[in-house]
Every structure is written in C-alpha cells, then in structure tokens.
Amino acid sequence: MTSHHSKGWLAKGWLAKGWLARGLLRSPFQIVLLGVVMLALTLVMANVSSASAGEAFPPVANQPADGTSKADMWQGIRSGVQGTVTIPNKSAGVLVQSEGEAWRSLRNGPLSTYGGWVLGGMLGLLVLFFLVRGRIRIDGQKTGRTIQRFNAFERGVHWLTAGSFIVLAFTGLNVLYGRHTILPLMGPEAFAAMTQYGKFAHNYLGFAFMLGIVLIFVMWVKHNIPERNDIAWALKAGGLFSKGVHPAAKKFNAGQKVIFWATVLGGAALGFTGVQLLWPFSFASMADMQLYQLIHSAVAVVLIAIVIAHIYIGSVGMEGAFDAMGTGDVELQWAREHHSLWVQEVTGETPRHHHGHHRAPAE
Ligand code: HEM
C-alpha cells in the first residue's frame, strides 16, 4: 500500500539478508557446487524410488526364461491362463477372466435391451388388448350359484408361488435395471440399502418359489396334459378376441396349459440356475456361472412377461376369474362359458351349445 511498507520489506526482507546478500553464492565455484549437490540428491532419490518399486513388482524380463516374449505373457494373462496362488481361492490365480468381458457385454447389452422390449412389449399389448376388447364379461345370464374351483390348499399354494414370484421379479429386475432407472431417482444411499434388502429377499424367497413350483406341478399336472380339445381351443384363440365365442375346455384350457408349463419349466430353470448362483463356485466354475446368470435373467424376463399377461386375465381382464383364486368358488355361468367340459365332469350337466360355439368332446 505505501511506499514506506515496500521499502521496509525490501530493506529488512529475507532477500536482503539471504545467501545472495551475504555473498555465499557469489563465485561461480559455489554455484557449480550447488548444482552438483542437487544432481547427486536427484540421483539418490531416483534410485530409492526405483528400488522400492522393484520390491512391489519384481522385474519382468523382456525375454522370460522359457523363451516367450513379454507380449506372449500378456496374451496369456489376457486369455485367462491359470497361475498358482497359495491362498485357498484358487480362481484368484486367473488375473484376467476374459470370458467375463463377453458375459458383461451380453448382460448389459442384448440381454437388457431385448428384456426391456419383451416386458414393455407385453405391457403395451395388454393395454391395446384392453382398449380393443375391454373386460371379458360373463355373456350369459348369471345363475347366482357357484361351483368350487380350487380348494384352500390349492389357493394357498398359488398365492405362495405368486407372492414369492412377484417379490422375486421386482428385486431381480432391480438388479438388472435398477442402476439405470431407480438409482437416479433415489440417490445412491437409499438405492444401496433398498438393493441390499432386495437381494436378501431374493435369496430367501427363491426357496418359497421353488416349493410352490413343486407343489403346483404335483397338484395340477394331471389337468395340464395336452389333448385334442386344445387344438380346437387354440384355433379359436380361446374366444379371447371375439365376444360370445367360448370353445370347450376341461379344467384348464390350452392357454392355461401354456401358463402352467411355462411356470413349471421356467421355474425349474430359474431354480436350478439360481441355486448355482447362490453358492458361487460350489457347483459351477466361473464360466458356468456366467452362462447360468444369462439363462437365469433371460428365462426370468420371459416368464415375467408371460405372468403379467396371466395376472391381467386373472384379475381386471376377465369378469369372474379372480374368484377362482379368491374364494375358490366361481359363478356357474362363468364355469359353463370357460370350462364347459369341466362343469360337465363335476356336475354331470351337459354343455349347452349357446352361441353355437361349444364343441363336443373329441373322445
Ligand atoms: C396378482 C397376481 C395373480 C393373480 C390375480 C392370479 C390369478 C389367478 C387365477 C384367478 C387363477 C385361476 C384361473 C382359473 O380359474 O382358471 C390362476 C391360476 C394360476 N396361476 Fe395365478 N395369479 C397371479 C399370479 C400368479 C403368479 C405370479 C404365478 C406364477 C409365477 C401364477 C401361476 C398360476 C398358475 C400356474 C395357474 C394355473 C394355470 C392357469 O390358470 O393359468 N399366478 N391365477
């Protein structure tokens, strides 16, 4: 600020009292000496640091003893050569598991993309179906009488399977897509906590789902063997697209048989691959687990899409359907329209040929 201040600083400052002022570095000899000392220090430092680096990473010969080149060595590492390690985890001997790259790009690429299309496509189709067809109503006059369709045990098994499947679906989809969809909305902390609990739920509920699948198979397999009726039913698309069309069906129609077998076979595949992933390396190698992970997610996405359609038709999509899994008793007229041959079996009444669309049994 003031000339007095700067003058005083110059006068009393370190420069004035420094080496230069005291004449220590006045001769060329002294300057050369300083240069030599600094150079020596630099060399010592460089040597120390290279020596310590040498301890951490033993020097790699350009020509290893076996005559291969350094490029060959890295190529070996890159292609997953198994080295030796003294720790129990022998797979740590593989520095680079190259298949991991392929697995990762399949998972984050086509698997996720097509999975999104399958799920989004199914939702879109159902919205379209609802807009065009509306809720499928009971066409005939309701009787006010009901008929038992599923007993308490069957309903319990259905809801055990359905409840666990729905939680498994959400927590599984979170693992596949959550990072790109929910994380930006929730922020990292909340997302990490949610995903952690979701993972626990996924791990444990897998067993409830597997039990449910086994019981569903045992309970209903006898009603789900394909038969000739199913062809006629399928040719009319079950009457799903045309009001008043009700092809004959036994306890389960062809569409339900597809749901049954998709659930049972898809569930078996999910259970098998899921157990392999639940105990890493216990049953499968790294490469196997990568394959199982891809199968697990692909099957899951397809089954979720199928189940979304099932949930739709079993609830809002069709009047009277939910009761079958709710109270267990369905309106007799509903049963006549959708499962005429089953009604005949249970009550002894002959199917009515209303609207002329019923077929006599093929037998
Ligand atoms: C909120 C969800 C769900 C609802 C509202 C629902 C509803 C229903 C209804 C009403 C039935 C009986 C249909 C009939 O009487 O003919 C049924 C059957 C069945 N459900 Fe579900 N369900 C749901 C979830 C699930 C899930 C998640 C699964 C499997 C993962 C599943 C598997 C089955 C199977 C295999 C059958 C027998 C075959 C069939 O009727 O299609 N359900 N469900």
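Each Cβ is built from the backbone N, Cα and C atoms, and glycine gets one as well.
Note that TrEMBL annotation is computational and uncurated.
Pulled from TrEMBL:
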type	residues	note
TRANSMEM	31-49	transmembrane segment
TRANSMEM	114-136	transmembrane segment
DOMAIN	149-327	domain 'Cytochrome b561 bacterial/Ni-hydrogenase'
TRANSMEM	157-177	transmembrane segment
TRANSMEM	204-221	transmembrane segment
TRANSMEM	258-279	transmembrane segment
TRANSMEM	291-313	transmembrane segment
For the transmembrane segment (157-177), out of 114-136, 204-221, 258-279, most C-beta pairs under 8 A are with 204-221
Averaging the pLDDT values of the domain 'Cytochrome b561 bacterial/Ni-hydrogenase' (149-327) gives 96
Within the same chain, the residues 6 or more beyond the ends of the transmembrane segment (114-136) and with Cβ under 8 Å of it are 176-177, 240-241, 297-298, 301-302, 304-306, 308-309, 312-313, 316-319
Other same-chain positions with a Cβ less than 8 Å from the transmembrane segment (258-279) and lying at least 6 residues past its termini are 161, 203, 206, 209-210, 213, 216-217, 220-221, 224, 252, 288-289, 292-293, 295-296, 299-300, 302-303, 306-307, 310
